[in-house]
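The GTP binding site feature in Swiss-Prot is assigned to 11-17, 39-41, R307, 333-335, 415-417. Sequence annotations record features per position, and here Swiss-Prot assigns Mg(2+) binding site to D12, G39. Marked as IMP binding site by Swiss-Prot: D12, E13, G14, K15, N37, A38, G39, H40, T130, R144, N226, T241, R305. Under the heading active site, proton acceptor, Swiss-Prot lists D12. Among the features that Swiss-Prot reports, active site, proton donor is placed at H40. The substrate binding site annotation in Swiss-Prot covers V301, T302, T303, G304, R305, K306, R307 and rests on sequence analysis.
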Amino acid sequence: MCDVVLGSQWGDEGKGKLVDVLCDEVDVCARCQGGNNAGHTIVVGDTKYDFHMLPSGLVNPKCLNLVGSGVVIHVPSLFEELENLEKKGLHCRDRLFISSRAHLVFDFHQRTDKLKEAELSENKKSIGTTGKGIGPTYSTKASRSGIRVHHLVSEEPESWEEFKTRYHRLVDSRFKRYGNFEYDTEAELAKYEKYRELLKGHVVDSIDFMHSAIAQNKKILVEGANALMLDIDFGTYPYVTSSATGIGGVCTGLGIPPKAINKVYGVVKAYTTRVGEGPFPTEQLNEAGKTLQDIGAEFGVTTGRKRRCGWLDLVVLKYSTLINGYTSLNITKLDVLDTFKEIQIGVSYTYKGEKLNSFPEDLHKLAKVDVEYVTLPGWEEDITKIKNYNDLPENAKKYLKYIEDYLNVPIQWVGTGPSRDSMLVKDLN
């Protein structure tokens with residue numbers, strides 16, 4: 001059976017840390033969607049490991065790791081990430097497997113991404129993408145013109161010629177759309193001819209890989225990227241990513257049925273952050289927001305951009321819970337709230353005087369909602385050295401209880417600092 005870790009807000013919740021903790025006891029860790037457009041840091045002892053595309057389970061020497069079919073892969077970045085891990089003493093190539101059905105991100109996808117974003121910026125409609133080529137790659141995938149891993153590594157005699165034909169066709173369509181954007185196609189093809197050999201040893205039929213593990217009763221952990229509010233269908237469209245970031249993306253990205261899923265863990269930052277453009281009802285453009293940003297060190301791992309900050313939004317989390325069906329929650333970065341005398345939580349939206357029953361899909365409507373807050377007393381003490389959930393300040397426990405009661409989902413873990421040891425486990429019995 002598979003347990004799943006998913007982001008419940010707009011990303012950057014701290015999913016990697018929970019995955020790292022859980023991976024001590026699993027046999028397989030799998031990424032199901034996304035690309036290197038998101039990132040997180042795992043701290044083991046005194047060493048920090050930055051992950052973008054690779055599964056976090058690589059830090060566990062006994063864990064096999066799969067990059068699934070729903071992931072889009074920029075091969076140079078994949079090997080760069082591997083090399084950076086190796087420089088820090090983490091040698092894990094023999095435990096990394098890549099789906100033959102995953103689509104490839106090329107440099108021209110990244111170039112296209114930036115050109116498209118520049119066009120939107122001129123009309124003040126920028127999405128705020130990372131420029132990693134993720135959207136253009138999913139676009140070519142949806143239009144059935146994309147290039148998959150098996151096209152690159154196939155041993156069939158005509159496969160390399162077919163790869164080059166597909167590649168030139170994609171590049172030519174970009175030239176027609178954007179003109180000559182100073183792109184060296186032959187240099188990139190030469191680069192991929194070398195990557196072809198490097199990649200071959202990692203490529204597997206991911207359907208067989210996953211279902212063999214399930215049949216052998218292996219413990220499997222699925223690591224979702226991004227978060228529900230960035231989902232292509234259920235997020236704040238169009239200010240979203242280009243993949244299915246919720247529970248549905250687990251099945252489609254790995255080729256497993258819903259009945260193979262056991263637990264679904266929702267990761268929730270104790271407040272709310274967002275990178276890039278898009279609606280953010282509980283955003284605090286004031287001293288509270290600045291304090292959250294400073295104490296929380298809210299800067300993106302992938303882009304270095306400042307994250308927008310605000311109070312916890314339970315309307316968002318209720319919506320996220322309905323879609324993903326969390327069996328329990330991991331509240332992260334609770335310690336960031338240590339200095340606040342009072343803490344606010346968004347509990348409902350009203351629009352033109354009427355209370356809304358769900359998170360609105362219309363962004364014009366969303367921009368006009370009034371957020372109703374409840375104010376809870378802060379605990380105003382350092383919780384970073386606490387090792388037992390029961391030793392948390394009473395006001396901290398009341399804050400967590402309010403979240404549990406509102407969502408009707410138990411909290412199983414509470415993060416109180418950046419290291420893997422700064423994770424309190426709550427007894428659910």
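Placed from the backbone N, Cα and C atoms, the Cβ positions cover glycine too.
The structure, with features from Swiss-Prot marked on it.
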residue : record                    : DSSP class
D12     : Mg(2+) binding site       : coil
K17     : GTP binding site          : helix
H40     : active site, proton donor : strand
G304    : substrate binding site    : coil
L334    : GTP binding site          : helix
T416    : GTP binding site          : coil
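For the binding-site residues D12, G14, K17, K306, a Cα to Cα distance of within 10 angstroms from the residue listed as 'active site, proton donor' holds for D12, G14, K17. The Cβ of T130 has fewer other Cβ atoms within 10 Å than any other of the binding-site residues N37, T130, N226, T416. For the pair G11 (GTP binding site) and R307 (substrate binding site), the Cα-Cα distance reads 10 Å. Separating the Cα atoms of R307 (substrate binding site) and T130 (IMP binding site) is a whole-number distance of 13 Å. K306 (substrate binding site) counts 12 other C-beta atoms within 10 Å of its own C-beta, drawing on all protein chains shown. Residues listed for IMP, D12, E13, G14, K15, N37, A38, G39, H40, T130, R144, N226, T241, R305, cover a largest CA to CA span of 34 Å. The most densely surrounded of the binding-site residues G11, G14, G39, G304 is G11 (count of other Cβ atoms within 10 A of its Cβ).
Within 10 Å of its Cβ, the residue among the recorded positions K17, H40, R305, R307 with the fewest other Cβ atoms is R305.
Cα separation, R305 (IMP binding site) to L334 (GTP binding site), rounded: 22 Å.
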